[in-house]
Amino acid sequence: MSAFLQQMINGLSIGSVYALMAVGYSLVYSIMNFSNFAHGGVIMIGAYMGFFLMTALELPFAVAFVLAAIGAGLLAVSLERIAYRPLRKRNAPFLYFIISAMGASIFLENIVVATIGPTFRTYPKVFSSTPFQFGQISVGRLDAIMFLISGISLMMLVYIIEKTKTGMAIKSTAYSIRASTLMGVNTDRIIFIVFGLGGVLAGIAGVLFGMKYTVYPQIGFITMKSFIAAVFGGLGSLPGAVIGSILLGVIETLTAGYFSSQYRDLIAFILLIAVLIWRPSGLMGKITEDKA
Amino acid sequence: MGWYYIQGILILSGIYLMAVLGLSLLTGFTGLFSFGHAGFMAVGAYTTAAMTIKFNVPFILALLIGGLAAALVSLVIGKLTLNLKGDYFCIATLGFGEAIRLILDNVQYFGGARGWPGIPLKTGLMNVIIFNVIAVVILVNLIKSRHGRNLQAIREEEMASQIIGINVFKYKMISLAISAAYAGIAGGMLAHYTGFLQPKMFQLIKSTELTIMVIFGGLGSISGSIIGAIVLTSLPEVLRAFDRWRLVVYGASVIFIMITRPQGLMGGYEITITNIKKLISRITSLGKKKHTIGGDN
Amino acid sequence: MKKRAFFLLISTVIILSLLVTGCSPKPTEPAAIDEPTEDVDVEVVNVGWIGSLTGDQAVWGNCEFNTVKMLFEEINENGGLLGKQINVIGYDTRGDAMEAVNAVRRLTSQDKIVALIGPNASGQAIAISSVLEEMKVPGIATVATNPKVTVDDNGQVKPFNFRVCFIDPYQGAVAAGYAKDVLGFTKAAILYDVADDYSQGLTEFFEMTFKEKGGEIVAKEGFKFGDVDFRPQLSKIKEANPEVLFMPYFFKEAALSANQARELGIDAVLMGGDGWPSEVLIEMAKEAIEGSYIVNHLDFADPDVQDFKATYTAKYNLPVELNGYLAYDAVRVLEQAIQNADSFDSVAIRDALKTVSVKGITGQINISADTHNPEGKDAAIIKIVDGDYIFQQKYSAE
């Protein structure tokens, strides 16, 4: 029994890691209707920013954390300016956005390799690594903190979207860009804000990953899993992204723990297909009219 | 001047071209976007190698069997996922590509992750060119046929095509199966070029690169795909002098191409004798004729 | 419409010029080093290197390339080899076998190298062997540990492939032998990377040897390259209650999984292969790996090693990874072979390589003509004590 509980905790913690990434990605999807594959790159840069702010400038963790989040937000916004806006102005189909995003992702990874180098970097220790013990079950301190920070940032995001005027505009833009423009919403501004928010979330995720898993140029690859999680939950739906991520984390963990760790990803894939056959736009997907 | 080296680049371009041609049909002419083509290449590569090594099947026949195997796998995947929209289909194919790799990593019969050495070297410049010419001829004829027009109708207006009585699902399946077969043959040629197979060779990045080639050349243009495959296979080689900045330049040029010329190099046009004549006449009398976008042939 | 025609024209021109300039021989190579520009009389001979300068193996590849460049600079400063200066040309492979094939084709046909050092992975090393054979250029792999790198499927030795490291079966057997016979463990668990050839190779031979010696494998769990969380597998391993946990993969994953294992309360002794040694490992998981054992190629406290380490760190301001030591030995082996052959003819160098015997940084290296592997190279068992790599003993399987 304790082994099962331990596995559930493992699954929740892995799932919350996925969730933090999936939400930023899903947020952009809800407005732009394309998979922003550069999200992983932004996370990676966020992680490096946090690392250098803490080591080179010796800033305290909290300050570095906030600055890295803002920095990643700015990066995401500039990416939108450079790589996506020209496409948007031309009403290009979503394929082009994806390719542009992939180019950005290759670019970001390799510019880090070329300038900073491929060496793994370890964050200075901020939190003790001794876990909380509950009988046989251990919960990592960093995991608990991550869970908390992800929770708080997600709640802030929900607040922005549900309670502010900008949030209203984001929701209406997500519903239909054209209609919102006609209703007087400045969609350029909304897209700017959405990318900024997505970037800030990526920065937060980056710093937390960096602390947990060290920093290296390929750290953005973990986002592949969160894309799958977001599809699981339904693209463009924030609660879907969270639920999909937690589910994927738990399913992966249980498969590895009780079935086969060698074939874990295969089983996760079969499950994904099964969910999509049952519900073609994920568990809580946004129903989109045919735009392609 | 190293002819041997250039030959290497040409063979590799030819191998990728085969896969790109298939993908061009799927992405450029049917409007479906796949991240799993490296997976189909892997299926073809391993099947072909198994045929030549374990069953002593002649190379050409083995290639066809490899292509067929990839097509069969694609039918299963297509049946399950082709009803999905845009990104959902994308991510499903992405998952498929990774799943294939994971299976191959675990199957010790084919050497698992440690790879499969000792595959006879049978792919040369000559047969790569011949296969590609045949592949292009087949593809051009297909696209010019009624079926090809139906595919393009689906790309432009799926709903409308359904209404006028095109069996959208069936055509999507056909397109996926043919493109998977091309990828499978490409994989088989690859196996007999390097003489060694390892699941690592078929990572997601390979699928991405294939798609980038198609889009670079221009969606809905076979000549574009040919140029795309050759240019983008040679580009990293040309950029060798940039050392570790190579992929930075590559990434930046992908973005640059997308934002400056999102319709790709050829933008749906083909290089044919008539088109070249048109182009020349257009250059001589600049800006007089009005053209609509996407008109091939 | 004017724009379109114009764009087409421009892009065609760009592509053509790229192709033309790319294929014409370049007068200078940015990756090359120390081209002796002043004394024109001195002849220059090219030696090639390939490996990952980008991609997920970049840490190791960069260290290798730096080492190779540094050593040949030293050789050149001391008068070169056979009176000629050596020019190193290195190309990135991204860790991709196809890129490796192209890079070697370029090195052998265009750059006319006399010998190749690298690559640092078995997959690429096997893929390039047909090119080496066709162009009759010998290659010395640094850390390609798959037996098939130098021997083909029928057990025939490949004429132009050599290596300076020991092979997977040997390393796996050493780890299992040491765990069972010296440390006296009978219950072992394995966590390995299913998508990695090196990890699968070591796992296979560890399992085989450990069972032959009467031990029991209580758990064998896999993860996939790119994973950073191993707790599901580790929780399962914990239940099996092993005495020793074998972790045959590279140090980043080793550090993460060791930390997570300790967090979950696994107190088994950890054991790793030559993918472990690195300063980053200690930095990332100092407490977790305390008391672990590593099968290594060399004793880090050796004075020769210290000298090399100090020079390297002073030059590049980076820690030396394991590949650096093996690249060092590959250069020494090549240097000796060129001197023995007394010629820069690739085939003569190949013939000399078959019987080379040289004192390398990882021990005496005697290349065997039958296998093209270094023979009789003992593994060094290292224990991690107080965050330091402490040499235990030389140990060989059988």
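Here the Cβ of each residue, glycine as well, is placed from N, Cα and C on the backbone.
Because the structure is a prediction, the values reported are computed rather than measured.
The transmembrane segment annotation in TrEMBL covers B:6-26, B:33-53, B:59-76, B:88-104, B:124-143, B:173-193, B:213-235, B:247-269.
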Selected stretch (most C-beta pairs under 8 A with the transmembrane segment (B:59-76)) from B:33-53, B:173-193, B:247-269:
B:173-193
Please identify the stretch among B:6-26, B:33-53, B:213-235 with the greatest number of Cβ pairs below 8 Å relative to the transmembrane segment (B:124-143).
B:6-26
Thinking of Cβ pairs under 8 Å, which stretch from B:6-26, B:33-53, B:247-269 has the most of them with the transmembrane segment (B:173-193)?
B:33-53
Positions whose Cβ lies under 8 angstroms from the transmembrane segment (B:6-26), at least six residues beyond its ends:
32, 34, 37, 41, 123-125, 128-129, 131-132, 135-136, 139, 142-143, 151, 175-176, 178-183, 185-187, 189-190, 193, 209-211, 213-214, 217, 221-222, 224-226, 228-230, 233-234, 237
